[in-house]
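Sharing a structure below in structure tokens format, with a few things to ask.
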Amino acid sequence: MILRPSATFAALSAHVLLRCLWMRVCEASGHFEMQVLSMQNVNGELQSGACCDGARDPAERSCAADQCDTFFRVCLKEYQSRVSSGGPCSYGSGSTPVIGGNTFSVKPLDQTNDKTRIVLPFSFAWPRSYTLIVEALDFNNDSSTGSINGQVIEKAVQSGMINPNRQWQVLKHNGPVAQFQYQIRVTCDEHYFGFGCNKFCRPRDDFFGHYTCDHNGNKTCLEGWAGPECNTAICKQGCSIEHGSCKVPGNCRCLYGWQGEYCDQCIPHPGCVHGTCIEPWQCLCDTNWGGQLCDKDLNTCGTLQPCLNGGTCSNTGPDKYHCACPDGYSGQNCERADNACLSEPCLNGGLCVESSLGFECQCAAGWTGPSCNINEDDCSPNPCNHSGVCVDLVDGFKCICPVQWTGKTCLIDANECEESPCVNAHSCRNLIGGYFCECLPGWTGQNCDINVNDCHGQCLNGGLCKDLVNGYRCVCAAGFAGDRCERDVDECASRPCLNGGRCQDTLNGFQCLCPPGFSGATCQLDLDYCESGPCQNGAQCFSLASDYYCKCPEDYEGKNCSQLKDHCLITPCQVIDSCTVAVVSNSTPGGLRLISSSVCGPHGRCRSHSHAGGHFSCDCQDGFTGTYCHENINDCESSPCLSGGTCIDKINAYQCICADGWEGPNCETNIDDCRTNPCRDRGVCRDLVNDFYCECENGWKGKTCHSRESQCDEDTCNNGGTCSDEGDSFKCLCSPGWEGATCNIAKNSSCLPNPCENGATCVVTGDGFTCVCKEGWEGPTCSQNSNDCNPQPCYNSGTCVDGDNWYRCECASGFAGPDCRININECQSSPCAFGSTCVDEINGYRCLCPPGRTGPRCQEVTGRPCVIGGRIAVDGAKWAEDCNTCYCHKGIVTCTKLFCGPKACRMLGSGRGDCPTGQLCVPVRDEQCFVKPCSSQGECWSAHRPAVRTHCQPDSHCANVTFTFNKDTMPQGVTVEQVCRELRHLYVTKNVTSEFSISVSCELSSAASNEIHVAIHVTENGIHGRVPVKEITDNIIDLVSKHSANSSVIGSIAEVRVQRKQPQNPNVDYMVPLLVSVVTAIWVLALASVFLWCIRHHRKQSSSATAINPTSPFSTPEENTANNAREHLNQIKNHIEKNASNGSLPGKELHCDDKNTVNAKIRTQFPESDASRRLQKTRFPHQPAYMLVDRDDRLSSNGTDIKKHPQWTNKRDNRDLESQHRVPDSQHRDSQHSLQKMEYIV
């Protein structure tokens, strides 16, 4: 049993293949492959629940042992979001032969197993998206029809995208009946590339090109070739572009008139002797040459020098000259001597003697030559030694010796040190033939006069090196610093760029890359794009980050609202053409091709009407009518069949089924039953209707005159009739359904009344009938309407309405067209505001807004976004930066200004830890370790640590807080900076308004190991009467009291003491100055009186006062805590008091410390704060009120001193407070009245 693979392809593929018969290459070519990997059908069942083969075992309720004959069938079509199993397989379909039984598997790499693979070729641009329907079927060979069918075991539907690739994509389907695994891939055929397999590239090396193809299908020229088609040869390197060419790479073929290896030499005129050329066939003469061929010598005197014996030569013409001879000579060339010595030719005292050849010179000593004009060289051979230079003299020589030698021939050693040649040296040593200088450091050279160049490679980054003696100095280029100019000065360190600008450090400067909407050197200018008023027709303008936006009125559109909205009045709206649908194609520019929608069926041609309603009409073929050309015209309506014939309607034709005995197109001809001459023994045949009659002679009887005995024989009665001999004739008794003299006429009772419905034709067949149904009907009596909706023809969830041989698709919302394949483009009306992108969706649209816009149609403007370090934050965004909180408001970034301190790190071997770039992990100092050990703890610091303020004088800008911790509940390794970091990260600390710059710094108490002093400093006062220091301290107390902070460190706080200045009432009226003046006057009078009394008292008791109070009252550290009051949190009263100095007598309200200071002991109570009352109720609801006492005068109930609490200030603070005591009395009193110290016991 072999099942042959089959495949069907879309009409598009066939069309492209026909085109390929005459085109050089197809526009696209590839194939889709599917390979089955495994199948598991444990129960051997079908999707319907029935067994594949045989009945179910009633005992075990399982299928029989006979397994399924499993094969697979695929259908590949265009991408569908809602897959319809009906409709054509537009990309192709195919099936495998029977692969196996219920369960089987194949190796994925078995590429030779064609039995499990289905290959669907395509010749259109692969669209990447697809829908694949995979069916596992049980083979069923219908022997009666010869067709190959199958019953569905399991069906998988896969929609997605796949690009051409050699790699397989493995998919798995887990169905309720069976599970199977398969793999798919799309591969381009040879020479085709790209995502659509529509880029053709075939390597070639011929006249039309010389190239190979890379993996993307791009042409890669072979070596020596260039050009888009790689058919331009690359000539020999250096070959003249103007005068050379080549057809073979590496050659250089010269044009006519040019020569040379590179075709850069012109060919001169033939015969040109002393000339050159610039263009071919020229003859440009060399100097002193002339003539057409440059063969005429214009300087014979210079070339030949023909004049002898001192004659003077003159050029007189081309190739002509004249010699002017000296006295005593003649001839053309002065070659004849007449009186040679007459001209005194012998020089330098030489004696002239005439001879037959002219004259001879007898030269003086030291001279030689024909005329004694050559000085004899007395320096040859060189008589000077030790590289001395010989100077030739007349009849002698002179040696110029090197400095270390002397003498006539430089043989005597000279003492060079006598001339002090060494410039920068310790000493000079004379040597044979020279000397040696022992140079000072930094000098070199034979005479130590050359400064050693210490600048070699020292100054970096373009720095100018100034060479010094035994050293150097670098003059750095702008933007660099350091001894060697090795450090780039970072001009961006000060963060000069505003409004989110990104700073780029440059040489000796910086450059700000401004975010959209800002400009200027530091991005300080906010660009207002609406300043020029670009919006028209009353539109509102909004300035955005990098552009402007015009909010148009209802009837206008465009960037500037300058265009009237179309409303389909100017350009036509989207026309829904019911006659066509678009399919993927590579043969059209848009990638789509229109094909018929088949709305008029197979018997009509669609004609679309040009309006937006999608109306159409069908032009029907001959023989059909109806709206969709679905009705076959009844050609039997005129009853063309005669003689009782039955008319069968056909397409634009009819067929007559004649009654027995008749024939012809319309049954108009009686069949001649005598044509076979049935009568025997000379009987005469008479033709009847569907019968004959024989007139017998000579006593013959029977139907055919063949019997002597009876009128009946075996052929007398037809169709089972019984013959009865009645003497001279016979009679036939016919069987049911037949009549006539010889039972040859069939009764028409089977079709009476007509059993066939819906216009069908009834045809009598023996004793039965057959109904010939009209198109669109089926069944024995044509009573069943054919389901024209199967397979489902409507796309996109359209509803199919079945008619009589027609159907109609009622489309879901958002779709149109005859088969609901057209998605109505809601973006056609441009609903989105200008600058936004409209995305068409099913029955709707979606607007993609540009930055700065929002709303369903992007018509609303949001605040300007902020740009932070290349990141964009939307308007209203909030984020954390270390311990600070930042906000984006209309393009401006505002952050709280809390000093965050150094980052914690773990000490590693490299010393870098996890610190930012430019910082090192520095070990925590021992005095900074709060809960030991802290050996592994570190802090990230740069080379230059900023100064941290760890204490302050309490005022409106600063408060001092002392925290006492229960260290038993704290983990090990807690540092002082970690405690400070926890306080900075409290919500109440880091969310203070950005109008204040806040610093929270900490240090370990020197008096108690479980206390930490915290200084909270604010750079400026709050606005509208707010005091940020009081707000922060109150919030911290409230948070600590409720244990709201999720921190073990904050939860370990046992006591809080606050020292801060009481805020002044901002609403002081005009009476305040008056009251102050009155009080000041009274105070001055009292002070004067007290001062006079103190002078007299001091004179009397100076000796006793010295014994009682030998030291200054301001030298004791206790005075620094004189204003500290310890309070229980159940009764928080902020008081101010002044204590008497040590040595004062009890009970004295006023006493004199010195002549300049008077201390008044005053008790003042301030109202309880809200935080104090809340803390009292939550922590100590039943604690009695605590007694208020002076810090240094507290007594127990039995009169003994209460142990003093360790003071919070260190020695430096004591010195500061001591110096603060020595201020004028008025200033001292004001500060004492405004200072409040509170202690909170937690």
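From the backbone N, Cα and C atoms, a Cβ is placed for every residue, glycine too.
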Looking at Asn560, Asn1198, which is the one Swiss-Prot tags with N-linked glycosylation site?
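The N-linked glycosylation site feature in Swiss-Prot corresponds to Asn560.
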Do you know which of Asn218, Asn1139 is annotated N-linked glycosylation site by Swiss-Prot?
Asn218
From Asn141, Asn1142, pick the one Swiss-Prot annotates as N-linked glycosylation site?
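Among Asn141, Asn1142, the residue Swiss-Prot annotates as N-linked glycosylation site is Asn141.
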Sort out the sequence-distant neighbours of Cys230 (disulfide bond) for me: same chain, 6+ apart, CB within less than 8 Å of its CB, listed by position.
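Correct list: Gly209, His210, Tyr211, Lys219, Cys221, Leu222.
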Near the domain 'EGF-like 12' (670-706), which residues from the same chain, at least 6 beyond its ends, have a CB less than 8 A from one of its CBs?
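For the domain 'EGF-like 12' (670-706), the list is 643, 659-663, 712-713, 715-716, 730, 740-742, 744-745.
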Whose Cβ, among the disulfide-bonded residues Cys277, Cys417, Cys476, has more other Cβ atoms within 10 Å than any of the rest?
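That would be Cys476, with the highest Cβ count within 10 Å.
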Where DSSP helix means H, G or I and strand means E or B, what are the helix, strand and coil counts for the domain 'EGF-like 12' (670-706)?
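Secondary-structure composition of the domain 'EGF-like 12' (670-706): 0 helix, 12 strand, 25 coil.
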Do you know offhand how many angstrom separate Cys717 (disulfide bond) and Cys743 (disulfide bond) by C-alpha?
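Pair distance, Cα basis, whole Å: 6 Å.
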Counting distance between Cα atoms, which of the disulfide-bonded residues Cys352, Cys372, Cys428, Cys696 is nearest Cys266 (disulfide bond)?
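Result: the closest of the disulfide-bonded residues to Cys266 (disulfide bond) is Cys372.
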Per 10 Å Cβ neighbour count, which of the disulfide-bonded residues Cys221, Cys455, Cys696, Cys717 ranks highest?
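Per the Cβ count, the most surrounded site is Cys717.
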Mean pLDDT, the domain 'EGF-like 12' (670-706)?
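That region's mean pLDDT is 85.
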Return the residues near Cys428 (disulfide bond), defined as same-chain residues 6+ apart in sequence whose C-beta is under 8 angstroms from its C-beta, sorted by sequence, else 'none'.
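Within the chain, Cys428 (disulfide bond) has Cβ neighbours under 8 Å at Glu416, Cys417, Ser420, Pro421, Cys422, Tyr435, Phe436, Cys437, Glu438.
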Give me the non-local Cβ neighbours of Cys734 (disulfide bond): same chain, 6+ apart in sequence, Cβ-Cβ under 8 Å, ordered along the sequence.
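Within the chain, Cys734 (disulfide bond) has Cβ neighbours under 8 Å at Cys717, Asn719, Gly720, Gly721, Gly740, Cys743.
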